[in-house]
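For reference, the structure discussed in these notes is given below.
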Amino acid sequence: MPGSAPANGEATWPKDVGVIALEIYFPSQYVDQAELEQFDGVSAGKYTVGLGQARMGFCSDREDINSLCLTVVQRLMERNGLSYDQVGRLEVGTETIIDKSKSVKTVVMQLFEESGNTDVEGIDTTNACYGGTAALFNAVNWVESSSWDGRYALAVAGDIAVYATGSARPTGGAGAIAMLVGPNAPLAFDRGLRGTHMQHAYDFYKPDMASEYPVVDGKLSIECYLSALDRCYSVYRNKIHAQWQREGVDKRFSLEDFGYMVFHSPYCKLVQKSLARLVLSDFLSHPRSNTETGPFSGLEAFREVKPEETYFNRDVEKAFMKASTEMFDQKTKASLLVSNQNGNMYTPSVYGCLASVIAQHTPQHLAGQRIGLFSYGSGFAATLYSLRVSQDATPGSGLDKLCASLCDLKARLDSRRKVSPAMFAENMQLREETHHLAPYVPQGAVEELFPGTWYLTRVDEKHRREYSRRSLNDDLPLEAGLVNSTTATEHIPSPVKKMPRLPASTAGPEAVTVSNGDH
């Protein structure tokens, strides 16, 4: 049929394409949410219990979206001993727009200048918190396409989430994630298993180009998030059922088939409610579910509920949060480390949750697991997909290196400097007053940034931004793994060294040295 793949098309697919390495960056300062409750004059527990947040990272005027992405990309390259000529695609997902034309990706290309590599595809991708996922999908699709030349792809997600004074402000945060994408990855994409839902809504949007602040309809945003989750999970479940039928597997899919389930996290309490939502979906999709014993015990009264009528049903929410408590502790709670301690990073949020899972488990514990990820961006766009963790957890394996690179995550979070709510409010006011101001020289203290952090030095009268990098010589213990050279011994060899680039000719499959194995 038109558009169908050739019967032998899979023979040339590289094997196990996915995330090989992952680096995370967050600001060196935070505000305590309990102290912020007092400062804002709200009831105790509103932010810490009601939202599930403990700390919120934030940037001074020394950092912007360009500097965040410069920092996280260079950290990933240095810590993994990679050279810039090994990268053939770099794509940035962000909703933090400081220029309506020039992409963040082109700014990051400054890092590639010394290598002489300008043959790098990709550009910025924008749709609220979904942009990072779109960038990652594009990176994976490139590696699996006829455009691939054998090099790695980089998917970068970064944002600075700030809100006007009011109830939404404690749901802010900031940070960036860089992911190295290629074949033979320790976190491989489950091919063909993506459930996507896209629809029009004005739940959260940024129409005022002169302001960093969004327009938010809080109740509608929650409804959009939960409805997208319902539909994405349904599509994913149908696809994996169809795949299993083709393979002769006779079983029903449920949350039990995920080793871990991570979510885009606007705030931690919504994630807990979202897992309960998926338990509700499993319950309703199994008409003969046992309500006498087991996970659905005592839920018989909810057998006939309609999901679209339960977004704000407290009885349903309470019952299924209780029913999912053990599953939440096993599959999702660990993913909320960065979200709880740093806040909502927007596009990197779900990948901060993924990093949190990896950071808190051994390679042996993760090996062979299927990790479900739900990515949501207002407006709205959402996808639920899964990664398969490599079975190889031996010392020196890709999985072992990935876990080792993130094992200091909690120490890095704990090494940040606590700032008073009053100083936090002053920073927010400064950002508000100087947003898009030109010429401008930032006021924030450079010495308070983490070593190796890129920062803004000035904005000239033509709005051209200049950056510098804080020296690595003042390393804190958490930075000890950084390599101050892009020519260091390679920890991750280039795929080009493992295999020739795909030939430009129309040679048959036998001439291509990459294969997808049993995929």
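Using the three backbone atoms N, Cα and C, a Cβ is placed for every residue, glycine included.
Feature annotations, reproduced from TrEMBL:
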- 13-186: domain 'Hydroxymethylglutaryl-coenzyme A synthase N-terminal' (DOMAIN)
- Cys129: active site, acyl-thioester intermediate (ACT_SITE)
- 188-470: domain 'Hydroxymethylglutaryl-coenzyme A synthase C-terminal' (DOMAIN)
- Ser221, Lys269, Lys273: CoA binding site (BINDING)
- 485-519: region 'Disordered' (REGION)
Drop a 10 Å sphere on every Cβ of the binding-site residues Lys269, Lys273 and tell me which sphere holds the fewest other Cβ atoms.
Lys269
Between the residue listed as 'active site, acyl-thioester intermediate' and Lys269 (CoA binding site): CA-CA distance (Å):
18
Within 10 Å of the Cβ of Ser221 (CoA binding site), how many other Cβ atoms can you find? Include all protein chains, please.
22
Which value in Å gives the longest Cα to Cα span across the CoA site residues Ser221, Lys269, Lys273 as recorded?
15
In Å, rounded, how far does the Cα of Lys273 (CoA binding site) sit from the Cα of Cys129 (active site, acyl-thioester intermediate)?
19
Rounded to an integer, what is the Cα-Cα distance in Å between the residue listed as 'active site, acyl-thioester intermediate' and Ser221 (CoA binding site)?
12
